[in-house]
Amino acid sequence: MTLDSISRAAVDRIIRVDHAGEYGANRIYAGQMAVLGRTSVGPVIQKMWDQEKDHLKKFNELLVAFRVRPTILMPFWNVAGFALGAGTALLGKEGAMACTVAVEESIAHHYNNQIRTLMEKEPEKYTELLQVIKKFRDEELEHHDIGLEHDAQLAPAYTVLKSLIQAGCSMAIYLSERF
């Protein structure tokens, strides 16, 4: 395998999993809005969701530009994302925000790993992709902080809930990179 094919495989995995992640995030926020959209926290969730919509739009464009196929698990992420968002929102705003903290922390960590991978390969070749990932990572970290500011840690069984959601994120990342 040549360096070009190794790099190509890495970029395909990055774009595929990031597209899936942003799609899943959109479905999570859709579920949260279905439950909490008309409450005082609705505008906060909507603002974060609007940024996620922009992230998904960009990764839709990158799928085409880099000729990467999306994960075959999209129908599953559609249902699972909405269920996670609605389910945690049913615990109240704190539950929704705990979900946000857990997911965004996982995604920021994942984006940092991707940045390292691209920097080790050929950073000048992937300048645009690196800029996109860095920008989105920073926005995910903002969402994480917003979740903490809105009492995520007061959610029922916060530590357990956060751990379960992050385990699910790790599984989703693993599967979406490969399938």
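Positions of Cβ are set from backbone N, Cα and C atoms, glycine also.
Annotations in TrEMBL come from automatic prediction, not curation.
The following features are taken from TrEMBL:
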BINDING   Glu22, Glu52, His55, Glu140  Fe cation 1 binding site
BINDING   Glu52, Glu104, Glu140, His143  Fe cation 2 binding site
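Sequence features, as recorded in TrEMBL, placed on the structure.
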residue : record                   : Cβ within 10 Å
Glu22   : Fe cation 1 binding site : 23
Glu52   : Fe cation 1 binding site : 23
His55   : Fe cation 1 binding site : 22
Glu104  : Fe cation 2 binding site : 24
Glu140  : Fe cation 1 binding site : 27
His143  : Fe cation 2 binding site : 25
Whole-number Å value for how far Glu104 (Fe cation 2 binding site) lies from Glu22 (Fe cation 1 binding site) (Cα to Cα):
11
Quick one: pull the CA-CA distance for His55 (Fe cation 1 binding site) versus His143 (Fe cation 2 binding site), whole Å only.
13
What's the CA to CA span in angstrom from His143 (Fe cation 2 binding site) over to Glu52 (Fe cation 1 binding site)?
10
